[in-house]
Amino acid sequence: MNPYILAILLFGLGLGTTITFASSHWLLAWMGLEMNTLAIIPLMAQHHHPRAVEATTKYFLTQAAAAATLLFASVTNAWLTGQWEIQQITHPLPSTMITLALALKIGLAPLHAWLPEVLQGLDLTTGLILSTWQKLAPFALILQIQPSNSTLLIILGLASTLIGGWGGLNQTQLRKILAYSSIAHLGWMILVLQFSPSITLLTLLTYFIMTFSTFLVFKLNKATNINTLATSWTKAPALTALTPLILLSLGGLPPLTGFMPKWLILQELAKQGLAPTATLAALSALLSLYFYLRLSYAMTLTISPNNLTGMTPWRLPSTQLTYPLATSTAMTICLLPLTPAISALLNP
């Protein structure tokens, strides 16, 4: 892609998210979300592969439906209450509609079906943008409206953690596994949203760091399915040794960074008297842990076939920058001891 066009599209992505962040009026927030969607569509379709075009079309249709619902709900809110302020959503009808529209935007279960399909059709770089940056603007709106319907949030959260765990179990494609992982993590964030928005924000940031590391590892190995991972030990042996730690951090095992948000969320849910919800969420994390362990096993304990086709990719050195990967990997593995300091920052 032409670098000038790429720069304009990335600028559009940044601008769309910033407009949504800065807006207090529903129309402006909607406009920011639309800019975001329109800027990423050429990036998704840039390879002109039928699968990429299909993914782009699916993405466009779901995002357009979500944006239309959001616009309809905000107009309904203005009609019922006479104002367009984002933080003044008092009526339960527009509040519920907006929550569901934003859930469709980010891919929360049961409105998640488009996410694995879309991610599977993209290359890893665009997939990374879709899994991280594209979640920011809708999340900012969810945090601002503080949805009043707590039952809806808990249903969305639990459904996402369970479907995110179950859906990834029988997948062999890495991008689909990462999509289900994304759904499960979003479910954890939504569960705790009404009780502690600061923990939700912390979970979102740690999810970004861990997903960034995982996508960059797969990109370095040019891996798109589980079998390709077995050849990675000849390319980057040190990274292959660290990758299980990244994956287990995504699964939320101590003493890795990914344990911190899960620990704080379970603690908060127990404080609020929601012990059954916390138990169900913790059990659903075991489902996700299984497929992360499967990836770790394929990567470190499986020897790839030593035939000609298996050896070909070993000879191609990667052109990817390793500094971002090194930084994010260190953060993915080592941030757990900073939990007290982070908690103090979040709750001054």
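Using N, Cα and C of the backbone, Cβ positions are placed for all residues, glycine too.
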TrEMBL lists transmembrane segment for one of the ranges 23-43, 128-148, 233-253; which is that range?
233-253
Leading stretch by Cβ pairs under 8 Å, where the reference is the transmembrane segment (92-115) and the options are 151-170, 177-195, 201-221, 233-253, 273-293:
151-170
Which residues, given as numbers and ranges, are at least 6 beyond the ends of the transmembrane segment (233-253) yet have a Cβ under 8 Å from it?
181, 210-211, 213-214, 217, 220-221, 259, 261-262, 285, 288-289, 292-293, 295-296, 299-300, 304, 313-314, 318, 325, 329, 332-333
